[in-house]
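Novice: Pasting in a structure now, in structure tokens, and then I'll have a few things to ask.
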Amino acid sequence: MSRKMFSCDFETTTKLDDCRVWAYGYMEIGNLDNYKIGNSLDEFMQWVMEIQADLYFHNLKFDGAFIVNWLEQHGFKWSNEGLPNTYNTIISKMGQWYMIDICFGYRGKRKLHTVIYDSLKKLPFPVKKIAKDFQLPLLKGDIDYHTERPVGHEITPEEYEYIKNDIEIIARALDIQFKQGLDRMTAGSDSLKGFKDILSTKKFNKVFPKLSLPMDKEIRKAYRGGFTWLNDKYKEKEIGEGMVFDVNSLYPSQMYSRPLPYGAPIVFQGKYEKDEQYPLYIQRIRFEFELKEGYIPTIQIKKNPFFKGNEYLKNSGVEPVELYLTNVDLELIQEHYELYNVEYIDGFKFREKTGLFKDFIDKWTYVKTHEEGAKKQLAKLMLNSLYGKFASNPDVTGKVPYLKDDGSLGFRVGDEEYKDPVYTPMGVFITAWARFTTITAAQACYDRIIYCDTDSIHLTGTEVPEIIKDIVDPKKLGYWAHESTFKRAKYLRQKTYIQDIYVKEVDGKLKECSPDEATTTKFSVKCAGMTDTIKKKVTFDNFAVGFSSMGKPKPVQVNGGVVLVDSVFTIK
């Protein structure tokens, strides 16, 4: 008999000296009439012990702290051996919560347990966005979190409706996912399973063999993220009119059309020599470099005390640097930089194939373009979650919670734990091709380029650039979509900028448009880490390095659970 599944949520107090759950709600996924809303954590945990089901909280890192705190204060201890009256957790070294498994005992060989998962890992969006994007017949409401609610507080009709909506939105969305066969712990795992189902597990294991941990560690040194760069020429200055273009599904488009690695790599010494059987390669290289005049910098060196990890470098400084580079990255670097004192050390070479992901991407692109609401959003999730799964870190050493003397939770690093890599070379080359796509487009617009962010280019002026004029389309895979045209803008650093965007009213909503069609402008604030509350205080006049405001919630572990303390946000 399959286990029941429930969407759950807590509402909690906001005082450091009075941290507790003042309301809970649960609703059965697939049976929305089976729900309850109450005002006692003890009552909820009694139900948890009796129900022995799978529960989903949206942001388990927050709600889970109250559950683990309760377990510790009621005689349960952490254990990964499945003993009675223990609980196990999956919490990453970075503090990401995935699961709490509470064991109450055994009936014969059957484990009596309730497992609690994070729905945010399956649906990585705010509840409000899920309701809107999935076109669900209800919306997330609002309540005042800071209202005094003493122990035993009777839930008001407004609060009741708010909690019910929250748990119902997630229950409906998860039900749709599960009915599509998307039943793994994370969106990435769902996507990888979907790909294996199309390819077959047997073929997957042949095409993407398990590499040893030492080899994976070496190859992983060539793995880098998206290209995010601000042109110094425009830094901290108000700019006039400009345009933004985004690649439609950047990573899936690279997976669809680029040559990508497969099979067991071959190690080579020295400089890679052309090999038609193994045309893709990762080269370990030591060199000094100087940026050529008129070129965008593309070299970024992390975990090195001599360089800022987020800065793209114009030269190598006083010492040669050692990097692991795909042939895609190396060719870009050779075009953009003068290289000196080059030493080719060794590397890995790979067979290549184009179209490994064609059937998978065709399937979900069809759904994305022919469906609306939930199915469309799930298709986008499937398309965008696969590439990163290939480069999952095999070091899964986690954190273990414990109760400190003051009644708050502490976390220690658990025993070292490793899993098999998936196939890191794939993640390495997909991201390399993605950077290549963005950087080559930006370089071709060198006299206009303001900013790049992974899949987008921001340009001065309002003419479509020559390099992309034949591949501009709002939907086609790998084409550039004209995202917006702005009247003025200001960029401070990576992921920190404001724009007045040209818009017109369509069916009561503001839509981006050309300057000729515009009836007004919409003020847009993009700033990593800045809350919507603080964004409302931003203007062109005060948007600068050093801007400071209260309104950033900082989680603090206290006796009973977690309190979000209002703290200062500063643009540095």
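A Cβ is built for glycine as well, from the same backbone N, Cα and C atoms used for every other residue.
Feature list, courtesy of Swiss-Prot:
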- 1-222: region '3'-5' exonuclease and strand displacement activities' (REGION)
- D9: site 'Essential for 3'-5' exonucleolysis' (SITE)
- E11: site 'Essential for 3'-5' exonucleolysis' (SITE)
- 56-66: region 'Interaction with the primer terminal protein' (REGION)
- F62: site 'Essential for 3'-5' exonucleolysis' (SITE)
- L120: site 'Essential for 3'-5' exonucleolysis' (SITE)
- 223-226: region 'DNA-binding' (REGION)
- D246, V247, D453, D455: Mg(2+) 2 binding site (BINDING)
- Y251: site 'Probably involved in nucleotide binding selection' (SITE)
- K380: site 'Probably involved in nucleotide binding selection' (SITE)
- N384: site 'Probably involved in binding template-primer structures' (SITE)
- Y387: site 'Probably involved in nucleotide binding selection' (SITE)
- G388: site 'Probably involved in binding template-primer structures' (SITE)
- T431: site 'Probably involved in binding template-primer structures' (SITE)
- R435: site 'Probably involved in binding template-primer structures' (SITE)
- Y497: site 'Probably involved in binding template-primer structures' (SITE)
Novice: When secondary structure is assigned with DSSP, how many helix, strand and coil residues does the region 'Interaction with the primer terminal protein' (56-66) contain?
Specialist: 7 helix, 2 strand, 2 coil
Novice: C-alpha of D455 (Mg(2+) 2 binding site) to C-alpha of T431 (site 'Probably involved in binding template-primer structures'): distance in Å?
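Specialist: Checking the Cα atoms of D455 (Mg(2+) 2 binding site) and T431 (site 'Probably involved in binding template-primer structures') gives a distance of 11 Å.
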Novice: Counting each residue once, how many in the region 'DNA-binding' (223-226) are helix, strand and coil under DSSP?
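Specialist: The composition, in the requested order, is 0 helix, 0 strand, 4 coil.
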Novice: I'd like the Cβ neighbour count for T431 (site 'Probably involved in binding template-primer structures'), meaning other Cβ atoms within 10 Å of its Cβ, all protein chains included.
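Specialist: T431 (site 'Probably involved in binding template-primer structures') is surrounded by 27 other Cβ atoms within 10 Å.
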Novice: Take the region 'DNA-binding' (223-226) and find every residue of the same chain, 6 or more past its ends, with a Cβ under 8 Å from one of its Cβ atoms.
Specialist: 300, 329, 391, 424, 427-428, 431-432, 434-435, 438, 453-455
Novice: Beyond the listed site residues D246, V247, D453, D455, identify every same-chain residue whose Cβ lies within 8 Å of the center of their Cβ atoms for the Mg(2+) 2 site.
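Specialist: Near the Mg(2+) 2 site, the remaining chain residues are F245, L250, T438, T454, S456, I457.
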Novice: Tally every other Cβ atom lying within 10 Å of the Cβ atom of Y251 (site 'Probably involved in nucleotide binding selection').
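Specialist: So the number of other Cβ atoms within 10 Å of Y251 (site 'Probably involved in nucleotide binding selection') is 23.
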Novice: For E11 (site 'Essential for 3'-5' exonucleolysis'), what is the tally of other C-beta atoms lying within 10 angstroms of its C-beta?
Specialist: 21
Novice: Checking your reading of the structure: which of the recorded positions E11, N384, T431, D453, Y497 lie inside a 10 Å Cα sphere centred on Y251 (site 'Probably involved in nucleotide binding selection')?
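Specialist: The recorded positions close to Y251 (site 'Probably involved in nucleotide binding selection') (Cα within 10 Å), listed in sequence order, are N384, T431.
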Novice: Please identify which of D9, D246, D453 has the densest Cβ environment, defined as other Cβ atoms within 10 Å, among these recorded positions.
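Specialist: Counting Cβ neighbours within 10 Å, the top one is D9.
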Novice: Could you check which of the recorded sites (D9, K380, Y387, R435) sits closest to V247 (Mg(2+) 2 binding site), going Cα to Cα?
Specialist: R435
Novice: I need the CA-to-CA distance for D9 (site 'Essential for 3'-5' exonucleolysis') versus G388 (site 'Probably involved in binding template-primer structures'), whole Å please.
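Specialist: About 29 Å separate the Cα atoms of these two residues.
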Novice: Using CB atoms and a 10 A radius, I'd like the single residue among the recorded sites K380, R435 with the highest neighbour count.
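Specialist: In terms of Cβ crowding, the pick is R435.
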Novice: Taking just the CA atoms, what is the gap between Y497 (site 'Probably involved in binding template-primer structures') and D453 (Mg(2+) 2 binding site) in Å?
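Specialist: Computed Cα spacing between Y497 (site 'Probably involved in binding template-primer structures') and D453 (Mg(2+) 2 binding site) is 11 Å.
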Novice: In Å, rounded, how far does the Cα of E11 (site 'Essential for 3'-5' exonucleolysis') sit from the Cα of T431 (site 'Probably involved in binding template-primer structures')?
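Specialist: One finds 40 Å between the Cα atoms of these residues.
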Novice: Return the residues near N384 (site 'Probably involved in binding template-primer structures') by Cβ distance under 8 Å, restricted to its own chain and a separation of at least 6 in sequence.
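Specialist: Long-range Cβ contacts: S249, Y251, P252.
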